[in-house]
Amino acid sequence: MSDNSQKKVIVGMSGGVDSSVSAYLLQQQGYQVEGLFMKNWEEDDNEEYCTAAEDLADAQAVCDKLGIHLHTINFAAEYWDNVFEYFLEEYKAGRTPNPDILCNKEIKFKAFLEFADEVLDADFIAMGHYVRRTFPTAEEIANGIKPQMLRGLDSNKDQSYFLYTLSSEQVARSLFPVGELEKPEVRRIAEEQGLITAKKKDSTGICFIGERKFTEFLGKYLPAQPGNIETPEGKVIGQHQGLMYHTLGQRKGLHIGGTKGGGGNEDPWFVGEKDLKRNVLIAVQGKDHPLLKSQGLLASQLHWVDRTPIKAPLSCTVKTRYRQTDIPCTIIPVDDENIKVIFDEPQIAVTPGQSAVFYLDEVCLGGGIIEERI
């Protein structure tokens, strides 16, 4: 085992069990470990779903238990400028963005890494993400071999989908200790070590904004624009409060349950399309409706982990949303900025604004933003 005692790692301490165990494991591996807690949202600190104070207290308790120093940093301005404004613009345009991916790109692996470098003199940063990475030898690096990002060992928790915007240079500076473990093992280690976060539930909801009623939250920043819900034939069957509150393939929240379709069809209703020009939500019946199906997609804002654009058709797999089963597909380059993706089998609810992330077996190649379905 290599001597890590001269290498400093700054761990992103979120106040959760994954970052807590990451810090412990790195300590056990001999690194000089320090923690850094990020505060990235200040709009409604006093509301009941803001857990920043509790999370900081838990992070501090874990660091005290492990005997490591905890730094704090406020990235709220960077989060607003580089993540949240994009999030709002995409919703305004009728698309469904994924702010967690942008948060990883702009905050956790950019602003955080820069602060860890410039202020804390870090050799590495570490996060509690469920991904793995390769460690090329010095000889391999000299021959141009770059670190690769791999899926997490726990397929149910794998978070590589959210990290596809990392470059191989960022991967080289990052450690992911829990990526080599399954979640129950992480909780077991936390309990064995007496860490306060051992039984703390996993956070869900928008990155750094927490768990809250999404419609109510979005309505604080974007004015609602109610309109009709129609069938593909143009029959008005209900009202929506705003296209931004709905995503393709959505079933819940349409409030048209019990409405029968043509010929007395009682199949459930799904969001099939958004007509932005008319501010109309098109609802269809049955998850196999043709409007829900796509043969492929067009993607832009491409990012490849090794920074090498794909120049020729490539057979691989793709995820168009988190925790989706891999979809066999072929990537067809249009140019360095755009690709066409053809699925082996038609897919349901491919959503513009979301990310398409590509894999070759365990390796995450990168991805792009879905512009349209085809």
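Cβ atoms are placed via backbone N, Cα and C, with glycine included.
According to Swiss-Prot:
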ACT_SITE  CYS103  active site, nucleophile
ACT_SITE  CYS207  active site, cysteine persulfide intermediate
BINDING   GLY12, MET13, SER14, GLY15, GLY16, VAL17, ASP18, SER19, MET38, GLY128  ATP binding site
DISULFID  CYS103-CYS207  disulfide bond
SITE      HIS129  site 'Interaction with tRNA'
SITE      GLN354  site 'Interaction with tRNA'
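The Cβ of GLY16 (ATP binding site) lies under 8 Å from the Cβ of ASP55, ASP58, GLY128, THR197, LYS200, ASP202, SER203, each on the same chain and at least six residues away in sequence. Taking a C-beta cut-off of under 8 Å and a sequence gap of six or more, GLY12 (ATP binding site) has these contacts in its own chain: SER19, GLY35, LEU36, MET38, LYS108, PHE112, ILE125, ALA126, MET127, GLY128. Ranked by CA distance from GLN354 (site 'Interaction with tRNA'), the recorded positions SER14, ASP18, CYS103, HIS129 have CYS103 at the top as the closest. The two recorded residues, CYS103 (active site, nucleophile) and ASP18 (ATP binding site), have Cα atoms 18 Å apart. Taking the Cβ of HIS129 (site 'Interaction with tRNA') as reference, residues of its chain lying under 8 Å away and at least six apart in sequence are, in sequence order, ASP18, GLY152, GLN159, PHE162, LEU163, PHE176, VAL178, GLY179. Under DSSP, CYS103 (active site, nucleophile) is assigned to a helix (H, G or I) in the three-state scheme.
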